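Visitor: Pasting the relevant annotations from Swiss-Prot:
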- Gly199, Gly201, Lys202, Thr203: ATP binding site (BINDING)
- 1-69: region 'Domain I, interacts with DnaA modulators' (REGION)
- 69-154: region 'Domain II' (REGION)
- 155-371: region 'Domain III, AAA+ region' (REGION)
- 372-491: region 'Domain IV, binds dsDNA' (REGION)
Amino acid sequence: MTTWDKCLKKIKKNLSTFEYKTWIKPIHVEQNSNLFTVYCNNEYFKKHIKSKYGNLILSTIQECHGNDLIIEYSNKKFSGEKITEVITAGPQANFFSTTSVEIKDESEDTKVVQEPKISNKSNSKDFSSSQELFGFDEAMLITAKEDEEYSFGLPLKEKYVFDSFVVGDANKIARAAAMQVSINPGKLHNPLFIYGGSGLGKTHLMQAIGNHAREVNPNAKIIYTNSEQFIKDYVNSIRLQDQDEFQRVYRSADILLIDDIQFIAGKEGTAQEFFHTFNALYENGKQIILTSDKYPNEIEGLEERLVSRFGYGLTVSVDMPDLETRIAILLKKAHDLGQKLPNETAAFIAENVRTNVRELEGALNRVLTTSKFNHKDPTIEVAQACLRDVIKIQEKKVKIDNIQKVVADFYRIRVKDLTSNQRSRNIARPRQIAMSLARELTSHSLPEIGNAFGGRDHTTVMHAVKAITKLRQSNTSISDDYELLLDKISR
């Protein structure tokens, strides 16, 4: 076992697993008598190792080898030259440091030695200068495997196509816009910004755009990625000193699709690179599609210049599908799996799973798997049994009068206002919301709901549902109110 191997065991005990794997494990240390050369991957990595972990490395090597030693920090990838920083350690090494810079080429060796000086800076501070360049999370993503190969973006999944996307009032505008940009990229809706909660189909739509655009134009250069991968690509290009290639690849795309763009907020280096990438693509008429869990203005920490550019094109929402759409999703999913699902079972699952499409499909898979394993048909009874620990099946179903009370309390009006003939906006809008909630949360027919709201016609209920669905796509305040009420009533 080498001296450095012994040191690694001791260092590992003093660091988190993440720090050890990210910063210490990748470096290579070569020993030649009393000279220890710490090989780092580039200038940034060398500076970070030396400033953040220099004291720990020095004291650990002293413990395993003795005080009489020299530590040399080397940047192997410095173009045309090898830059080293040498620390000579003696009995006072913890308090004094002698630093020299050695620049080597074929003709001469030059060494300049500075006088020893007391350092007032602590190497144990939490944030190095790298964070000023990239932001903490970006810096911590950098690894130092010099021979590691990397590529840009992520593959598109063939299963995500428009034909498998179930359309309803909550997503039809987003779906129509997605189809348009896949046929005529860069012509309309640039950028296309799709926002909505997790598991509602944003990624499906985004990848469907890429897959369909590739069918329309097989020669189109399509890059799909998410913000996490974009950050990794960016910091890897810095680590490998290959930023030109990163920029060449991303800025030469005909269609750029980035999922969960909200995660670049607060990542200064990545946000700046994305800003320039956006500008380059937009000015060249290339299509940009972005998704987020929030409306652009609501993404905390997102630079104003990016918020402004996201507004250049079309912003559309994908909301939780209504009951009918949820049933349609379940029936289609079962059909795609080659399974028969009774309509009443689909309705039962749809009524009780209202969080997102992903959990809806997960519940379906559980019901189908359980029924198949037990050699039973997927009846409501089977669904009740196997989903008991997944969904809270209320002993009493949601009633319209409860919906009316919750909505009235929320908007500080009276229940009788909701059933009255008043048409003022402060009454009419809550009434429409209450009708829409009743349609989604109960099994009552349109005439029954209309009757509960002062004997109104079923067409009035239909109009209310359509109006609120449309408003939820364009008005974040209405959308937020609706989701909050949905949560209150469903508890």
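Here the Cβ of each residue, glycine as well, is placed from N, Cα and C on the backbone.
It should be emphasised that the depicted structure is a prediction, and the values quoted were computed from it without experimental measurement.
Help me picture where these features are in the structure shown.
Guide: Note: Gly201 (ATP binding site) has non-local neighbours Phe165, Asn171, Val318, Val357, i.e. same-chain residues 6+ apart with C-beta under 8 A of its own C-beta. For the recorded site, Gly201 (ATP binding site), the DSSP three-state label reads coil.
This prediction places the mean pLDDT of the region 'Domain II' (69-154) at 42.
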Visitor: How does the region 'Domain IV, binds dsDNA' (372-491) divide up by DSSP, counting helix, then strand, then coil residues?
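Guide: Counting residues per DSSP class in the region 'Domain IV, binds dsDNA' (372-491), I get 82 helix, 0 strand, 38 coil.
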Visitor: Sort the residues of the region 'Domain I, interacts with DnaA modulators' (1-69) into helix, strand and coil with DSSP and give the three counts.
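Guide: The counts are 43 helix, 12 strand, 14 coil.
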Visitor: Report the same-chain neighbours of Thr203 (ATP binding site): residues 6+ apart in sequence with Cβ closer than 8 Å to its Cβ, ordered by sequence.
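Guide: Residues satisfying the criterion: Tyr160, Asp259, Thr291.
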Visitor: Taking Gly199, Lys202 as the binding-site residues to compare, which has the smallest set of other Cβ atoms within 10 Å?
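Guide: Per-residue Cβ counts within 10 Å for the binding-site residues Gly199, Lys202 bottom out at Gly199.
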